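Feature annotations, reproduced from TrEMBL:
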type: BINDING; residues: 88, 89, 90, 91, 92, 93, 94, 95, 96, 97, 98; note: ATP binding site
type: DOMAIN; residues: 65-147; note: domain 'GHMP kinase N-terminal'
type: DOMAIN; residues: 207-284; note: domain 'GHMP kinase C-terminal'
Ligand code: HSE
């Protein structure tokens, strides 16, 4: 029986100023996914976690991706997938992208690498669409490519993998609900030319800083004049956490994806650890439960843990 086991990482979308176009893979948290290739055409999804997600293939983020791949390739095979999710749905840490990208990656391995990475991104976006109503690739791309990625275009898919600087990421997930669909709904539909010019400067500066390993330039570019001022009101203690993190030596940071998680980039692991403790204590003092994660930028994305092709 052909089977594979994967570790599928969380991702931080937007990277502050790059709404829907930039994203970065981290090591922690991650989901575990096990795939078997079936001789029959069923798509069987089993969740071994506590999130109560639908298991019917057409209603499951991984399931819909497998159905689309199966249909596109006219496969007589099916798949069984066991998912142990540790990235909480609705965290802003790319939980749906992990299921979607993991499904495309796992199926592709079992099908002897029949798909290119950009084709995997294309199919994985059906999972994002099911989860939030929008086909965005800024979490899927870093999950599949690793490191930091630029979505030059989502349709047609054109992903540019960028450098993965040796930086640390401190992230906090406060236990408040922010749905991606809601936090997209509240965004302004029109922006001023002045804001656009400022944002272009920051995005270009951030990409240049990433490619040149210029940490000061990365820090100076991690500013968002369009999305963060609107969305941050949905995240309790956002301003306090950001200010304290910068005072403690973070290069910069902001909302992870559509929130409510908040992330900060640092040069030193100790700084990231201290910031994560501060993040936790800010939420503890307000009675909001939170989870914190510290890891390096993950340069390789999805990891194959086990493969068997007898
Ligand atoms: N770019 C998306 C957004 C990411 O900010 O809505 C959602 O995880």
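Quick reminder: no glycine exception, Cβ is built from N, Cα and C everywhere.
TrEMBL entries are annotated by machine, without manual review.
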Q: State the three-class DSSP label for residue 96 (ATP binding site), counting H, G and I as helix, E and B as strand, and everything else as coil.
A: helix
Q: Please give the average pLDDT for the domain 'GHMP kinase C-terminal' (207-284) in this predicted model.
A: 98
Q) So what sits near residue 88 (ATP binding site) in its own chain, CB-to-CB under 8 Å and at least six residues off in sequence? A) 29, 51, 95, 173, 291
Q: Could you list the residues of the same chain, at least six apart in sequence, whose Cβ is under 8 A from the Cβ of residue 90 (ATP binding site)?
A: 177, 178, 179, 180
**Q.** Neighbour tally for residue 98 (ATP binding site), based on other Cβ positions within 10 Å of its Cβ
**A.** 34
Q. What is the one among the binding-site residues 92, 94 whose Cβ has the most other Cβ atoms less than or equal to 10 Å away?
A. 94
**Q.** Close in space, distant in sequence - residue 96 (ATP binding site), Cβ under 8 Å, 6 or more apart
**A.** 61, 89, 127, 128, 130, 131, 132, 139
Q | Summary of DSSP states over the domain 'GHMP kinase N-terminal' (65-147), given as helix, strand and coil counts | A | 47 helix, 7 strand, 29 coil
